[in-house]
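Here it is, the structure in full.
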Amino acid sequence: MSKLTTGSFSIEDLESVQITINNIVGAAKEAAEEKAKELGPMGPTAMAGLASYRSWNLLLLDRYEPVLTPMCDQCCYCTYGPCDLSGNKRGACGIDMAGQTGREFFLRVITGTACHAAHGRHLLDHVIEVFGEDLPLNLGESNVLTPNVTICTGLSPKTLGECRAPMEYVEEQLTQLLATIHAGQESAEIDYDSKALFSGSLDHVGMEVSDIAQVSAYDFPKADPEAPLIEIGMGSIDKSKPLIVAIGHNVAGVTYIMDYMEENNLTDKMEIAGLCCTAFDMTRYKEADRRAPYAKIVGSLAKELKVIRSGMPDVIVVDEQCVRGDVLSESMKLKIPVIASNEKIMMGLPDRTDADVDSIVEEIKSGAIPGCVMLDYDKLGELIPKIAEVMAPIRDAEGITAIPTDEEFKVYIDKCVKCGECMLACPEELDIPEALEYAAKGSYEYLEALHDVCIGCRRCEQVCKKEIPILNVLEKAAQKSISEEKGWVRSGRGQASDAEIRAEGLNLVMGTTPGIIAIIGCPNYPAGTKDVYNIAEEFLKRNYLVVVSGCSAMDIGMYKDDDGKTLYERYPGTFSGGGLLNTGSCVSNAHITGAAEKVAGIFAQRTLAGNLAEVADYTLNRVGACGLAWGAYSQKAASIGTGCNIYGIPAVLGPHSSKYRRALIAKTYEEDKWKVFDARDGSEMNIPPAPEFLLTTAETWQEALPMMAKACIRPSDNNMGRSIKLTHWMELSKKYLGVEPEDWWKFVRNEADLPLAKREELLKRLEAEQGWEIDWKRKKIISGPKIKFDVSAQPTNLKRLCKEA
């Protein structure tokens, strides 16, 4: 008897009876395993489970020891508690502070992973329903389409339908991971860290499925370095037109709105703009042929409340992720209808999915309902523009805005009693009382300066005893700068092409391109948006390859040089040294890890399928890269960063990120931790302490710069590469911290490693300060370095990769 597989069949001899079998239990997995056999070489961890990467994870965690920063001394997780875990005490269940802190961090990571995976599931199911499961994956000039999927599952999907198996794999593993959170399950902090790293790898699978599905189905730019430039900023909005604002991360519903606008010639009659990652993806829609874009980006998550308070939107449509919990309540104050288009965020609104569009418009126009849930995307596409057309003249006639008049502004300023409660409540510790004091004397520039630094959380307003609407006051003071707030950002180009990887791979591995700097994440910056611009510009000037995504990519586009050009206009969008490559929205972060993985797979010919440890070992030892999530706030940021860490890619976070409760920092003075194998013969070899962390925080962007440059040093750097990297690290430290690093000499293997412009000076210092023997006639180092340079050395942490093994 032939085996049953997925699909359907009918028994024709039975009258009026049809039996349809949608799925055979186990058939999908069997089919996936059969498919995997077609892929060729396979590593040892295809379809990895909770324990599959444990040996690799523990190897990482042995060098990069977890540094725990608990938020409090109690555990309130079950009804035995709350339990005091201070002073090495254990809770009633037996867990200690380390275990509880590990569990808390792990919970954040799997929450972020689940968020991206659920996004991917919703999007994948929808595009399969609309475009069919046989739609080919088209990501541009690439054969390695899904490096993260292939590494974790062994699969290499070529169609939308084939993406189901990796999606099901992620969902199954997430269920297993979530189970370990339950009381009476895992209690060892080190194993929570291992599971967190595994969850991070799953996150990049979920993100990858999400983005490849939408790039293929929605005709996004496909590995396109010339993806269109998009207007960004509140000053880019034409206030004479009705304004639709989309907020969230899942663009599926918004594409229907854009289709309706195009079919009904509305693109020049109304504005459509976005906040957060939906904004990026709506500007990528149908842009593969580089048509003139009309969708705009208002800004990042930090702009949500500011945009609502401005009164500019005539209707807001929300989907999922990074949507403020007060969007509806704040919008209701200003008669801005809110339409929820995704089951994950319904805001208590009435469901009108089955109602007639015109009847919904009438309900909203009359004020009978403040908005509704609309899950039928065909109706959503028609509903949103119709609401905007109806509400715009009504709201314009009433002049609705939360921004105070000149008279109200003065009254609010004079009400301040300088109690300082607002400053204490502010996550950024902004000196609001001082700014109000200056404003009372007629100097408004201090208030205006707070506009950019303010993250728009309104915590200050809730503690103000005088009930001053502080956010509105800040926005009033900054009206001129807001009206001029206009920049350019390159639309998300998707992944790096195989050809780009081949061309740039050698430079990255040898170190002649100093490194990949990935600037990603949320806008919870410690001192305003210009920090990420400053960091990006500094590294671009030094020929680093800068990759950006999400809110950080938006904020980088808000600043211009003296010639009025943004970084996106000044630097090419190519995957090469000195390139500024915007991959797109949050889910496109998978293409950043994917690029490092493709260097291993394409340039170094490493097997990707089911082979995470070997690929990660390669990136840790050979691919200079460092991530920056300077404003990280969400659980998704934790999972994205942890997914980078399992691949040996370090990440620097902003000062708020100590609240994630865990860092991974090595002890550079423990020399035994800095030994690896030489794959040529299995012998031990010393390596420099680089990277010296996998996850850490910095207090200022000036501190972050040299940290990131140092984190791009790799054991495999050739002399020219090491010299270039040392030059940048030492110069950045001197420029921004006022001192050269104390440990620069640890990275010198011979005189050719030294920065060329300072070689003689540094040789003198090595002789005087470190006691190294120098042949001054030949200007060569005779003795001193503990690390010997061998151009053919093959550093690896995996004994099984050594030839003797």
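Glycine residues also receive a Cβ, built from the backbone N, Cα and C atoms like all the rest.
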According to Swiss-Prot, Cys416, Cys419, Cys422 bind [4Fe-4S] cluster 3; so which of Cys372, Cys457, Cys464 is the extra one listed there?
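Candidate listed by Swiss-Prot for the same site: Cys464.
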Just to be sure I read the record right: His249, Cys277, Cys522, Cys551, Cys586 are listed as binding [Ni-4Fe-4S] cluster in Swiss-Prot. Which of Cys322, Cys644 is listed for the same site?
Cys322
By DSSP, what is the split of the domain '4Fe-4S ferredoxin-type 1' (407-435) into helix, strand and coil residues?
18 helix, 0 strand, 11 coil
So if I draw a 10 Å sphere around the Cβ of Cys72 ([4Fe-4S] cluster 1 binding site), how many other Cβ atoms end up inside it?
12
Using a 10 Å cut-off on Cβ-Cβ distances across all protein chains shown, tell me which of the binding-site residues (Cys426, Cys460, Cys551) has the largest neighbour count.
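By the 10 Å Cβ neighbour count, Cys551 comes out on top.
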Using C-alpha atoms, which one of the binding-site residues Cys72, Cys78, Cys83, Cys277, Cys586 comes nearest to Cys416 ([4Fe-4S] cluster 3 binding site)?
Cys72
Among the binding-site residues listed here (Cys78, Cys586), identify the one with the smallest other-Cβ count within 10 Å.
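If we count Cβ atoms within 10 Å for the binding-site residues Cys78, Cys586, the smallest count is at Cys78.
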Compute the C-alpha separation of His249 ([Ni-4Fe-4S] cluster binding site) from His116 (CO binding site), stating it in Å without decimals.
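His249 ([Ni-4Fe-4S] cluster binding site) and His116 (CO binding site) have their Cα atoms 10 Å apart.
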What other residues of this chain sit with their CB within 8 A of the center of the CB atoms of Cys75, Cys78, Cys83, Cys93, the recorded [4Fe-4S] cluster 2 site?
Cys76, Tyr77, Tyr80, Gly81, Pro82, Gly91, Ala92, Ile95, Gln100, Ala183
Rank aside, I only need the closest one: which of the binding-site residues Cys93, His116, Cys422, Cys460 has its C-alpha nearest to that of Cys322 ([Ni-4Fe-4S] cluster binding site)?
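Minimum Cα distance from Cys322 ([Ni-4Fe-4S] cluster binding site) across Cys93, His116, Cys422, Cys460 lands on His116.
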